[in-house]
């Protein structure tokens, strides 16, 4: 799920799992800023911040940034969103967004990771970048003894649920635990990924998540892991550094919105 700007797609026929090579910046590049918002962030404020930061990174006036946030309950519609997939349109606010993909949910208990990296200094390959983001999630889950998997026909990270009834075709049921939706402008990424830590999974009922029917959603707590967001953040950072290289802490996270659930 991505929306690159014009002329930014390279034709690649390899599977995503085969695309993982080096996504490190050159050795002389400064570490990526790692920012954690101290309070919930209004979605429109987040978009404006990403737009500004991505422009500064492209201009060479700011270092790359990873920004971890939570949002109040809301739905976002990507550039491929089908109106029929918004099942309960008045449940939460709905935001049209420039990222690729379809409908998704953000809310309390979900870690949203906005990734603003300059792929010109890393690797100008959109599919490889998406695969690298999946690898960050998979490594994060692996550190908690959860096996996350990618699927070639579905972007994101999935967890098998053998304890659930099998699918109609007899295969093992599987739920989505993390979603990815990105956009590129001048080869700088923004938007990013979301990992379900302990959101209210019933809030996903208002949409067909990512336009994919027949599969459910899950979270770390739903899988039986009583984890805290701060613990997940540490593991996310370690996994990110394995894939993309060093980071440095930044403390001026932005957060103003209130977390309000139905």
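Cβ atoms here come from the backbone N, Cα and C positions, even for glycine.
Pulled from Swiss-Prot, these are the features on record:
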type     : residues                                                            : note
DOMAIN   : 60-248                                                              : domain 'BPL/LPL catalytic'
BINDING  : 99, 100, 101, 102, 103, 104, 105, 106, 179, 180, 181, 192, 193, 194 : substrate binding site
SITE     : 176                                                                 : site 'Lowers pKa of active site Cys'
ACT_SITE : 210                                                                 : active site, acyl-thioester intermediate
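DSSP assigns residue 99 (substrate binding site) to coil in the three-state reduction, outside any helix or strand. Each of the binding-site residues 103, 105 was scored by the number of other CB atoms within 10 Å of its CB, and the largest score is that of 105.
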